[in-house]
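What TrEMBL says about this protein:
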BINDING   Gly278, Glu320, Pro321, Gly322, Arg323, Tyr421  pyridoxal 5'-phosphate binding site
BINDING   Arg323, Arg360, Tyr364, Glu392, Tyr421  substrate binding site
DOMAIN    72-327  domain 'Orn/DAP/Arg decarboxylase 2 N-terminal'
DOMAIN    331-419  domain 'Orn/DAP/Arg decarboxylase 2 C-terminal'
MOD_RES   Lys96  N6-(pyridoxal phosphate)lysine
Amino acid sequence: MSRSAHPAGPRHADVLPEGHYTAPADDLNALDPKVWAHTVGRDADGVVTVGGIAVTQLAEEYGTPAYILDEADFRDRARAWRTAFGTDADVFYAGKAFLSRAVVRWLDEEGLNLDVCSGGELATALSAGMPAERIAFHGNNKSPEEIERAVRAGVGRIVLDSFQEIVRVAHIAESLGKRQPVQIRITVGVEAHTHEFIATAHEDQKFGIPLAGGQAAEAVRRALQLDGLDVIGIHSHIGSQIFDMSGFEVAAHRVVGLLKDVRDEHGVELAEIDLGGGLGIAYTSDDDPREPHEIAKALSEIVTRECEGARLRTPRISVEPGRAIVGPTAFTLYEVGTVKPLEGLRTYVSVDGGMSDNIRTALYDAEYSVALASRTSDAEPMLVRVVGKHCESGDIVVKDAFLPGDLAPGDLIAVPATGAYCRSMASNYNHAMRPPVVAVRDGAARVIVRRETEEDLLRLDVG
Ligand SMILES: *Cc1c(COP(=O)(O)O)cnc(C)c1O
């Protein structure tokens with residue numbers, strides 16, 4: 001599918017393709033626990049509640065649009081990952097999914113480590129007191145300033161992404177009189193998404209050093225020779241929104257093959273392998289993600305089996321879930337502004353946010369669900385497209401969904417599973433002011449990232 005043929009994308013043309021839409025759910029008022037945060041429900045009046053607070057009250061206090069995050073759910077999921085992987089493995093939360101100082105503190109308290117991939121994310125982590133040795137620093141083009149800051153801070157690992165970076169980090173560490181623990185990120189030729197994976201010998205992407213042609217082995221050889229580097233392991237990250245573990249199986253096989261080559265050539269058994277993130281969540285009721293304990297068991301079995309086959313000591317495993325922890329914990333609360341029925345097509349429901357607070361639908365054709373949140377309704381289902389208020393026809397939040405036919409301006413609707421890659425990818429397009437993140441727990445709500453104001457916008461515009 002071409003996404004660039006027209007600024008509005010292919011969406012101008014895709015009017016009701018036969019058989020594309022799933023039927024409406026039997027009960028539009030039901031909230032599928034798969035896609036909603038753990039403490040979400042409806043009160044006696046039918047209003048959606050989270051952490052014991054009604055969304056009508058949240059909208060009144062904090063305005064809309066707003067990201068509403070269930071803190072108890074976040075902590076539960078973080079703890080579930082931590083517990084599932086036990087003490088023989090490390091869980092690094094991928095900060096790019098959503099990072100704030102409150103989140104850093106929750107991760108610290110729940111015993112997780114943290115991945116960052118920019119100076120800004122590193123600054124956020126350090127300012128919230130995450131111990132540097134529990135931070136991993138990623139990125140395919142870290143600046144010398146970022147590297148120096150990370151080395152000085154004493155981050156637990158820097159993930160090296162290119163031959164040039166091997167030398168760069170070694171040089172900076174040496175000049176600071178340090179020996180920096182590093183992993184080398186390799187690409188193993190596996191790309192996994194949802195229910196499929198592609199395995200090739202080569203990989204055409206910007207991240208990592210290819211296993212192909214002995215390049216990864218050469219990278220390890222060079223890194224081992226540099227005094228500024230302590231090579232602790234190999235890193236591989238194969239995709240996103242993955243449900244099927246077989247991509248990890250192929251990736252682990254190839255990573256272990258490299259560990260074996262390194263052992264045979266240099267007599268060094270690298271201590272760690274990091275299998276990256278990319279584990280999927282339910283955006284709609286059709287998605288069936290795996291539980292952390294199932295993932296931990298599968299990954300540990302795969303690595304153990306591969307290492308036994310290669311007669312290697314089993315390395316320490318680490319994983320980097322982002323979406324799988326924060327994604328399901330938040331929903332976006334919007335107010336309906338206009339409802340526009342298009343005869344024979346669908347009804348366009350415009351909300352007070354859009355692609356500036358959720359770019360994933362426009363960017364990845366992501367699917368979301370939506371529910372009427374400020375009340376229940378027994379009206380007949382109508383096919384809707386939830387769109388934003390931006391000057392762009394690709395400004396779609398939920399492409400196809402059913403909402404009650406009596407939906408009206410002033411109703412609140414909620415889009416679940418927006419905890420990952422929504423606030424973190426939010427923009428000021430059309431000078432939209434980015435929504436707040438409100439954390440709710442045990443009947444109390446607090447803003448952890450405040451709403452932007454016109455003052456914020458104008459402060460950057462120096463006139
Ligand atoms: C994006 C990314 C992750 C997290 O991916 P999720 O899909 O959010 O789990 C982990 N590791 C690396 C290297 C990444 O680039």
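Using N, Cα and C of the backbone, Cβ positions are placed for all residues, glycine too.
Where the annotation comes from TrEMBL, it is an automatic prediction and has not been curated.
Locations of recorded TrEMBL features on the structure.
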| residue | record | Cβ contacts under 8 Å, 6 or more apart |
| --- | --- | --- |
| Lys96 | N6-(pyridoxal phosphate)lysine | Asp115, Val116, Cys117, Glu121, Gly322, Tyr421, Ser424 |
| Gly278 | pyridoxal 5'-phosphate binding site | Ala192, His237, Ile238, Gly239, Ser240, Gln241, Ile242, Arg323 |
| Glu320 | pyridoxal 5'-phosphate binding site | Val91, Phe92, Tyr93, Ala94, Asp115, Ala136, His237, Asp274, Gly276, Gly277 |
| Pro321 | pyridoxal 5'-phosphate binding site | Trp81, Val91, Tyr93, Ala94, Gly277, Leu279, Pro292 |
| Arg360 | substrate binding site | Ala366, Tyr368, Tyr421, Cys422, Met425 |
| Tyr364 | substrate binding site | none |
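In this structure, the binding-site residues that sit close to ligand 1, with a C-beta under 6 angstroms from any of its atoms, are Gly278, Pro321, chosen from Gly278, Pro321, Glu392. For the domain 'Orn/DAP/Arg decarboxylase 2 N-terminal' (72-327), the model gives a mean pLDDT of 96. A Cβ within 8 Å of the Cβ centre of Gly278, Glu320, Pro321, Gly322, Arg323, Tyr421, the residues given for pyridoxal 5'-phosphate, is found for these other residues of the same chain: Ala94, Lys96, Ala97, Ser240, Gly277, Leu279, Ala324, Ile325, Gly327, Ala420. Mapped onto DSSP classes, the domain 'Orn/DAP/Arg decarboxylase 2 C-terminal' (331-419) shows 5 helix, 41 strand, 43 coil. The maximum pairwise C-alpha distance among Gly278, Glu320, Pro321, Gly322, Arg323, Tyr421, the residues recorded as binding pyridoxal 5'-phosphate, is 15 Å.
Largest CA to CA distance in the substrate binding set (Arg323, Arg360, Tyr364, Glu392, Tyr421): 27 Å, whole number.
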